[in-house]
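> Reproduced below are the annotations present in TrEMBL:
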REGION    408-429  region 'Disordered'
TRANSMEM  67-86  transmembrane segment
TRANSMEM  92-116  transmembrane segment
TRANSMEM  123-142  transmembrane segment
TRANSMEM  148-168  transmembrane segment
TRANSMEM  175-193  transmembrane segment
TRANSMEM  205-226  transmembrane segment
Amino acid sequence: MVTIKNFFKKASSDENKEKLLPNDYDERKGCCNCFSPLNDKFTSFFNNLQDFAKKAIEMGRNDPRKIIFSLKMGFALSFVSLLIFWKKPNDIAQFAIWAILTVLVMFEFSIGATLIKGFNRGLGTFCAGMLAFIFAQLALWAGERERVVIVVSIFIVAFFGSYLKLYPTMAPYEYGYRVFILTYCILIVAGNRTREYNVAICTRLALIALGAGICLLINISIYPIWSGEDLHRLVVKNFMDLANSLEGCINGYLSCVEHDRDANDSEYNGYKSVIESTGREQTLLGFAIWEPPHGRYRMHKNLWRDFVKLSSALRHCAFMVMALHGCIQSEIQSPPEKRKVFRNELKRVGANAAKVLRELGTKLEKLEMLDSHGNILKEVHETAQQLQKKIDHKSYILVNSKSWEIGKPNINHEDSSSENGSENLPLSSRSRSLSETAIDISSLQANWPQLAKESSEFRNSSFRKQNQWPSRLSLADGDIADTCEMETYLSASSLSLATFASLLIEFVARLQNVVDNFEELSQRAEFKEPDVIIPPSAIKS
């Protein structure tokens with residue numbers, strides 16, 4: 001009996017355990033679910049931190065100057081902070097933070113930015129110190145009304161300083177006005193607390209001058225970074241980017257491949273960097289004009305404004321490339337067989353124009369003048385003329401020749417007194433042009449249904465890659481219902497090709513302005529003469 005009872009007790013206990021196990025599992029699972037969001041956050045934070053570290057290391061590899069700048073900043077602050085450990089005189093150690101703040105504020109990435117920041121801070125500090133001397137004496141003479149004089153002086157300085165910095169021509173000195181107001185307020189209040197205005201003002205001015213001197217010395221003497229060189233490289237890069245973009249647009253248009261508007265293809269969009277570089281050029285120009293002559297620019301005369309002027313002329317050409325890119329993205333596209341007619345001429349013009357841009361960029365990078373014995377635009381002008389002649393010769397492809405007046409029958413005039421009306425018509429209306437003799441307009445009118453059918457078959461062919469306007473036309477039993485609508489499309493699609501060709505010719509015309517600005521820059525900056533390569537045949541002779 002005992003054994004049987006124990007057996008049933010054990011069985012009942014096992015059943016209770018089995019009943020409790022799922023509940024315990026659910027509780028444990030719920031606890032894990034509570035901690036899972038926290039675990040995901042830690043994992044995401046760790047991954048983001050790892051990506052940040054990789055990008056930071058990559059940034060230093062791409063531009064080692066940023067690492068050098070950070071090292072110089074740390075060295076300058078460490079050197080100035082030694083003033084804090086001075087024991088005598090105590091005033092210098094007490095106010096050494098002014099020198100540290102000066103280095104922290106003035107130390108910029110480039111020499112030009114450091115100089116203009118230092119000028120603003122120095123001028124603002126000097127003016128604030130002079131006013132602090134004047135109002136400090138007035139405050140001492142006021143006696144019991146000393147604090148009233150201080151408060152009124154702070155109001156006057158803050159009002160005029162804040163108002164004058166809003167003047168348009170004072171925009172470059174906005175930081176100087178901020179330093180002026182801040183320095184004055186600190187000097188006048190600190191002098192009132194220590195009751196030694198002159199000592200406080202002189203000590204602070206001396207420490208600010210010391211911090212500025214250390215900042216300039218370290219930034220200029222240790223691997224200097226010049227804004228002028230960055231501006232030079234930026235303009236050269238604009239020439240190369242525009243050349244690549246021009247060739248990409250022409251090749252893309254002639255390949256008749258559908259282009260995604262949202263795609264960021266550098267082959268096409270190189271012109272965007274040229275157009276968007278205006279702000280950076282102006283910023284670098286503002287820093288570069290403060291820099292002294294240095295390096296290979298030592299013998300050149302203030303060439304930075306001419307650099308920006310040359311880039312502005314190049315930007316006018318970039319607008320034409322942007323328009324060419326717009327032709328690739330347009331809704332109305334010219335058929336590929338029409339583009340093939342002008343394919344060779346368009347490619348030659350684009351190749352020669354890109355060659356000119358690259359040659360100008362190379363000359364600008366080397367600071368060399370153009371060859372005085374040759375014309376850099378000769379080949380591109382010749383190819384542009386060949387393109388224009390081809391357009392004139394094949395003009396019937398670009399227009400709807402069916403609607404030409406010379407192709408219409410004579411119209412009877414209402415004036416019955418004129419018996420020989422046809423003799424009074426202009427010569428152009430009585431003669432047939434070369435374009436009309438090349439094609440038979442009457443045959444085109446007679447065979448219009450067949451042409452419409454071939455156009456419909458062409459739209460469905462595998463060679464057609466771009467969506468065109470005919471796909472939106474109304475069809476009836478496989479034939480185009482509205483013939484007038486089809487004629488309108490054919491005229492518009494032909495004009496699309498004419499627009500692309502005319503924009504390319506306009507680009508060539510604008511290259512002349514770029515070359516003129518380059519020659520003006522090379523003469524004003526006294527670029528070196530190009531290296532003359534003597535052919536071996538001339539040496540032997």
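Each Cβ is built from the backbone N, Cα and C atoms, and glycine gets one as well.
Please treat TrEMBL annotations as automatic predictions, because they have not gone through curation.
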> Report yes or no: does the transmembrane segment (205-226) come within contact of the transmembrane segment (92-116), defined as 3 or more CB pairs under 8 Å with a sequence separation of 6 or more?
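Per Cβ check, the transmembrane segment (205-226) touches the transmembrane segment (92-116).
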> Under 8 Å, at least three CB pairs between the transmembrane segment (175-193) and the transmembrane segment (123-142) (pairs 6 or more apart)?
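In contact, yes.
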> Give me the stretch from 67-86, 92-116, 148-168 with the greatest number of Cβ pairs under 8 Å to the transmembrane segment (123-142).
148-168
